[in-house]
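As given in TrEMBL:
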ACT_SITE  Glu57  active site, proton acceptor 1
ACT_SITE  Glu57  active site, proton acceptor 2
ACT_SITE  His186  active site, proton donor 1
ACT_SITE  His186  active site, proton donor 2
BINDING   His56, His60, Glu84  Zn(2+) 1 binding site
BINDING   His56, His60, Glu84  Zn(2+) 2 binding site
BINDING   Arg195  chloride binding site
DISULFID  Cys25-Cys43  disulfide bond
DISULFID  Cys211-Cys223  disulfide bond
CARBOHYD  Asn11  N-linked glycosylation site
Amino acid sequence: GLKPLPPTFFNLSMLEKPANREVVCHATAWDFYDAKDFRIKMCTKLNFDDFLTIHHEMGHIQYFMQYSNQPAIYRDGANDGFHEAIGELMSMCVSTPKHLYAIGLLEDKLQDDEIEINYLFSQAITTVSAMPFHYLNDLWRWKIFNGSIPVENWNTEFWDLAKEITGVEPPVVRDESVLDCPTIFHVAQDYDMIRYFTRTVLQFQFANSLCDAAGHKGALNECDFYGSLAAGDKLASMLKLGSSQPWEVALESLTGEKGMTAEAIKNYFSKLTTWLHNKNIEEGNKVGWA
């Protein structure tokens, strides 16, 4: 029940890498602010990663289209995390074994404990485990902007924070002759990274609400709200707000909650949490890093 793409999307988007020039292939979605021209720029390949990426970018496009009637100043997500949460929500929705079977991309509807744990593990790797990384990058940027780190210590501080927050050390010796954090596309292009931290919280809150609207019964990680007009209506009503209301109002309109909460994440990954807890005890693993 969401808005269909205009013909110009297919005519004007760059969906394949051009053969006659070099381009930046990092996938991005574009709103031309005329309420009719929306495009994606990416060098799409026929693989599962790009299957997920194109759904993420289409989430942005749907958000653009839904709030296109707002004044230009309000044509944005309720906060930076909202746009990314919608994109990731769409990718997560279409990646479930249940959905892939429903649309014919899986031949067999196999479901057992091993498949479920493997699926949850793959989801956790791309969502929960990325949260410390996103926090690290913006914490470093905030320290740069507020002047608390001398220029001569910028790179050292980055790796000190990386070790503390993510447990990662550089594979080779680094010094102040290089600057590693801005090698990330988003940092170099001045995207605040905290949007990706908050988007992870929000995407699961959104998913929980939309699954309820779709009448889903059972574990949250088994939900597929694809094809639910009730879920589509509920989502569209929030997307239409753009940034015309405080983000707390937009959040409450979709979820009934006024603040971000990680309860939906905990529910989604509850079976994996139990499995990891038991596996760590079984193998004598120590959680964390020195």
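Placement of Cβ uses the backbone N, Cα and C atoms for every residue, glycine included.
Here Glu84 (Zn(2+) 1 binding site) is compared against the recorded positions Cys43, His186, Cys211, and the shortest C-alpha distance is to His186. Cα-Cα distance from Cys43 (disulfide bond) to His60 (Zn(2+) 1 binding site): 17 Å (rounded to the nearest whole number).
Put simply, of the recorded positions Asn11, His56, Arg195, Cys211, the one whose Cα is nearest the Cα of Cys25 (disulfide bond) is His56. Considering only the recorded positions Asn11, Arg195, Cys211, Cys223, the residue whose Cα is spatially closest to the Cα of His60 (Zn(2+) 1 binding site) is Arg195.
Note on proximity: among Asn11, Glu57, His186, Cys211, Cys223, the recorded positions of the record, the Cα nearest the residue listed as 'chloride binding site' is that of His186.
For the recorded Zn(2+) 1 site, residues His56, His60, Glu84 set the reference point as the centre of their Cβ atoms, and the other residues of that chain within 8 Å of it by Cβ are Ala29, Glu57, Gly59, His83, Ala85, Ile86, Gly87, Glu88, Met90.
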